[in-house]
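Q: This is the feature table in TrEMBL:
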TRANSMEM  6-27  transmembrane segment
TRANSMEM  34-53  transmembrane segment
TRANSMEM  102-121  transmembrane segment
TRANSMEM  133-153  transmembrane segment
TRANSMEM  205-224  transmembrane segment
TRANSMEM  231-249  transmembrane segment
TRANSMEM  255-275  transmembrane segment
TRANSMEM  287-307  transmembrane segment
TRANSMEM  327-350  transmembrane segment
TRANSMEM  362-380  transmembrane segment
TRANSMEM  400-424  transmembrane segment
DOMAIN    718-820  domain 'Cyclic nucleotide-binding'
REGION    965-1002  region 'Disordered'
COMPBIAS  969-979  compositional bias 'Basic and acidic residues'
REGION    1027-1142  region 'Disordered'
COMPBIAS  1047-1058  compositional bias 'Low complexity'
COMPBIAS  1059-1071  compositional bias 'Polar residues'
COMPBIAS  1078-1092  compositional bias 'Low complexity'
COMPBIAS  1093-1103  compositional bias 'Polar residues'
COMPBIAS  1122-1132  compositional bias 'Polar residues'
Amino acid sequence: MAEPDPDDAVLFVGVSLVLGIASRHLLRGTRVPYTVALLVLGVALGSLEYGTQHGLGKLGAGIRIWANINPDLLLAVFLPALLFESSFSMEIHQIKRCMAQMVLLAGPGVVVSTFLLGSAVKLTFPYNWSWKTSLLLGGLLSATDPVAVVALLKELGASKKLSTIIEGESLMNDGTAIVVYQLFYRMVLGRTFDAGSIIKFLSEVSLGAVALGLAFGIVSVLWLGFIFNDTIIEISLTLAVSYIAFFTAQDSLEVSGVLTVMTLGMFYAAFAKTAFKGESQQSLHHFWEMVAYIANTLIFILSGVVIADGVLQNNVHFERHGTSWGFLLLLYVFVQTSRLIVVGVLYPLLRHFGYGLDLKEAMILVWSGLRGAVALSLSLSVKRTSDAVQPYLKPEVGTMFVFFTGGIVFLTLIFNGSTTQFLLHMLGMDKLSSTKLRILKYTRYEMLNKALEAFGELRDDEELGPADWATVKKYITCLNDLDDDPEHPHDVGDNDDRMHTMNLRDIRVRLLNGVQAAYWGMLEEGRITQATANILMRSVDEAMDLVSRQPLCDWKGLKSNVQFPNYYRFLQMSRLPRKLITYFTVERLESGCYICAAFLRAHRIARRQLHDFLGDSEIARIVIDESNAEGEEARKFLEDVRVTFPQVLRVLKTRQVTYSVLTHLSEYIQNLEKTGLLEEKEMIHLDDALQTDLKKLKRNPPLVKMPRVSDLLNTHPLVGALPGALRDPLLSNTKETVRGHGTILYREGSRPTGIWLVSIGVVKWTSQRLSRRHSLDPILSHGSTLGLYEVLIGKPYICDMITDSVVHCFFIEAEKIDELRQTDPSIEVFLWQESALVIARLLLPQIFEKMAMHEIRVLVAERSTMNIYIKGEDVELEQNYIGILLEGFLKTRKQNLITPPGVLLPSSTDLSLFGLKSSAVNHIDYCHTAPSYQVETRARIIFFDIGRALEGDADLQRSVSLVSQGGHEPARTMNKEHSGLLSWPESFRRSRGPNSSASLAEIRNHPGSFSARALQLSMYGSMVNLTGQGHRRQRPPRLPAAKQRHSSSYPRVPSRPSNTRPLLSVQSEGSNMKRMAGEAAAAAPTPATSAGQQRPRTVTQDDNSSDDSAGEEVIVRVDSPSMLSFRQSSAAVDSPPPPQDL
């Protein structure tokens, strides 16, 4: 037959991939491992080709080309990619915990197995092989192939601990077995070794490989740090370094290439996983998954072909020595027996180290000792050497090596591989615990609720009409067999301590999983650095190991990284330049600040998610309390930094916000290109500029000075929304103060003396009357106005306000607020709206605590109505509306007197939609449900369209924006706590339609909307242009319906459609009051403003935010954790004149 065409080798690759695709597709859902089917197919192809004398034509020619490939080339082509993918995908914490077990099995275990198999072969096989040759076969068969083992474990879904032990052992075992094989291979070929030289050889080959892998890992990871947002280069680097490291180890330095690549992959798993974020991480994962799939497919089919070749090409030899088949079965028994002895001898140590090992896991460990392509390639190397002219190995020896090795590979994959899942099932290791089963059942009920919600929103279609729920449900089979009565997963008997302990452990694990997921999200958002992410991830992994024995303890692993040395405090009192002090402290404290801030935020996110999923559960509450207690030291560290070096937190927040703004602008223009609004060249031009800015930010992060006190005051929503003529007298009587943690601002029941404007920090509320049962985070942060409601109504404070951190705040006396409210009716309305923000969070934390403050402001500005009623009027609430009585008295039909503040609920509304329960409402004296309410005295009520607000938010998260989302990209959703930093860029995703909110420019043209201005200040800080506020009188807060336009400038709640029924059933005083206020505003003269009106403020405590550097140019200034400000150039074409009232 003519020489085969080299192109035929490509045909074999294509056919192999097609066979692999068909096998994977047909065997999905069966108990037959995919790799076993590939090996059988390979044997079948080889048998057809070698048993029929070229019966497969060009495919057969390709088979022969691949079957005759150099075994060293076979290893060099497939092993680096497979080894790197396997080791890189392992979890480094699991590797560290299981390292002792892996070393025991791969070190002493391989040596013991080699001598057991070599001795058995020498003493029982009739081939008169020398001890060196017998031990060579023993070392060759001691390699439990990682390719076969990893492929099997991924399919069977074994436990993480067992998978790590078996996979890690197979990787190390493979490397050490090859080293042992090389030793005996050289001895067989005539080289002599004494004991010292053997130890030296093994040490150099193994330890040198580890050192080489670390060297390649360090260099490549450092290089990776200089690559910025280039996924192709990042992935190419991982592929290139794995092959170069393998080649350097095997050929240049003659150390173990397998151990080198394995060390390299584990180094990447430990230090480089966090270097790949977002799409890069997904692309890397998919790339290596595809490489591993292709390599596995080819190598297992090729192994089957080689086995068939080894048997059929030498059929005369096996016909002459028919007993070889019997000795193959005997060798299989020897292999399993040696594996059993190794695990049995080492079992006491395996049970002691790492996570331990029980008898069931030991049985799986014995049975999963598969052999694969590595052992087969080594046997082909022996055959190639034996076929050459040399005096040490006869050709028959090479033939028998390939026969026995191929047979063992075939038998272990066929028998062990195909029965491992059955063994797992027989031992009960594939079953879910009762705790997980209860969670799954509970989740299915939640899925049913979500399905009903989705059907309710999607059943009617303008074009196609209604849908049939019965048919829809028939196709959702997982929801068809649910019982009528759902059970909470934690509803167990009080005496069942074992189930209580299991539930507690399970919930701790779930909360820690949520914390770790939040860390990944923060890494993608730019909140934390790669090094910080590694530390945080490691702390969660360490805490996972202890959840069954002690409460949450992930903070324990972070303590050593969070330090605040006392000598830093002396720097603040030194005469060194402030910029130098800031740079010095930031460099040394930023890691601790990043860790503490990320820790607190991640736990807050995880607590909220757990509470939303499980509701009010005793076990969930225990874990949530543990999580809260964990954050005390983190909060204390941040307080120390805030008191001593507030510049540090300011700089770190500036970096976070700058990174967030740039990345979201990049996403924005990319989405414009996806929707066709930008051409590709235009998008690339804009994106290149943003990537340059991102690279500059990464390599040269900014140093930012503290803002001036006047800036803090003018960007507070209450103060900044006022006209300059009214703002200046108010500011002149403002008292600035800094309060430490645990300071009481005011007590419940005390006389209201004034209001507190929170500029920096967090305040916690407590109350004897108001229920905190449903309050997960009873805190109010920067931008809040405290005590305003009590000052307006003239009654004692309704709760205690206690600082929960170091708080920078401003105090305004009650008399000044009274003077302010009397200046204009629209000002009074605005003050009542501002007071409603805090009152809503205090009275209904189930609803309003889940919203960020700017989201509640959106609700007040666009989805609320405030009316005043006179005695005798009836107030009737529509469905999905909630009212809050701010002043006055009401009565229900049962003559129950309602005093302010009180919550008014319609009797026909499903309270569960609001997170409320009727039983809970009945036990709260300030919550009332009635068909209608009668006004006893003049009353002021604010109504919220909560149902439409929640519906609008859900629609927003599900829908795909015209601008921001392409046709193949799902809408991006985030937990509120997780997206706090990114809140304003997220507004770019809002769709444009006839009911959108007004843009910034449009609201500037309607300066009467105080709530809209407060919303802008709450979100954008000093970016909001305050120019001209003192030159226009205020109109009623809501914009005319006919002129409402849409913009994606800031988040909103959809406005109420004009065709809906009026909120109230009777004509009330509210409309007259609004009309009168509008007429009074139109008739009043415009107050003039002048520079220099501001008088000195009274400062009760020195603050670090002095104005000593007023002459320096400020490029970037962050006024609060969600506000970014740029100083506009005076040369800007459309920039307004500077404010005259500052």
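Backbone N, Cα and C atoms are what each Cβ position is placed from, and that goes for glycine too.
Curation does not apply to TrEMBL; its annotations are automatic.
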Q: Given pairs 6 or more apart, does the transmembrane segment (327-350) have at least three Cβ pairs under 8 Å with the transmembrane segment (400-424)?
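A: Contact between the transmembrane segment (327-350) and the transmembrane segment (400-424): present.
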Q: Which one of these stretches, 34-53, 102-121, 231-249, 287-307, has the most C-beta pairs shorter than 8 Å to the transmembrane segment (6-27)?
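A: If we count Cβ pairs closer than 8 Å to the transmembrane segment (6-27), 287-307 scores highest.
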Q: Between the transmembrane segment (205-224) and the transmembrane segment (255-275), do 3 or more CB pairs sit under 8 angstroms, pairs being 6 or more residues apart?
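A: These two segments touch.
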Q: Quick test of the contact rule: Cβ under 8 Å, at least six residues beyond the ends. What residues does that give for the transmembrane segment (400-424)?
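A: For the transmembrane segment (400-424), the list is 31-33, 35-36, 39-40, 43, 127, 137, 140-141, 145, 148, 152, 156, 158, 303-304, 306-307, 310-311, 314, 318, 324, 327-329, 331-332, 335, 363-364, 367-373, 375-376, 378-380, 382-383, 386, 430.
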Q: Who are the chain neighbours of the transmembrane segment (362-380) in space, where the CB to CB distance is under 8 Å and they lie at least 6 residues beyond its ends?
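A: Long-range Cβ neighbours of the transmembrane segment (362-380): 71-72, 74-75, 78-79, 105, 140-141, 143-149, 152-153, 158, 162, 165-166, 174, 177-178, 181, 258, 299-300, 302-303, 306-307, 335-336, 339-340, 343, 347, 350, 398, 401-402, 404-406, 408-409, 412-413, 416-417, 419-420, 423-424, 427, 429.
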Q: Looking only at the domain 'Cyclic nucleotide-binding' (718-820), what is the model's average confidence as pLDDT?
A: 87
Q: May I ask for the residues of the chain that lie six or more residues beyond the transmembrane segment (231-249) and have a Cβ under 8 Å from a Cβ within it?
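A: Beyond its ends, the transmembrane segment (231-249) has Cβ neighbours at 76, 79-81, 83-84, 88, 208-209, 212-213, 216, 220, 223-224, 255-257, 259-261, 264-265, 268, 275-276, 279-280, 283-284, 287-288, 291.
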Q: Rank 102-121, 205-224, 287-307 by Cβ pairs under 8 Å to the transmembrane segment (34-53) and hand me the top one.
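A: Top-ranked stretch among 102-121, 205-224, 287-307: 287-307.
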Q: Which numbers of helix, strand and coil residues does DSSP report for the domain 'Cyclic nucleotide-binding' (718-820)?
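A: DSSP classes over the domain 'Cyclic nucleotide-binding' (718-820) add up to 25 helix, 34 strand, 44 coil.
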Q: Residues sitting near the transmembrane segment (205-224): Cβ under 8 Å, six or more positions beyond its termini, same chain?
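A: Beyond its ends, the transmembrane segment (205-224) has Cβ neighbours at 175-176, 179, 182, 234, 237-238, 241, 244-245, 248-249, 253-264, 267-268, 271-272, 275.
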Q: Excluding the flanking five residues on each side, which residues at least 6 beyond the ends of the transmembrane segment (287-307) place their CB within less than 8 Å of a CB in that stretch?
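A: Cβ under 8 Å, 6 or more out: 13, 16-17, 19-20, 35, 38-46, 49, 63, 66-67, 74, 78, 81-82, 84-86, 88-89, 147-148, 151, 235, 238-239, 372-373, 376, 380, 402, 406-407, 409-410.
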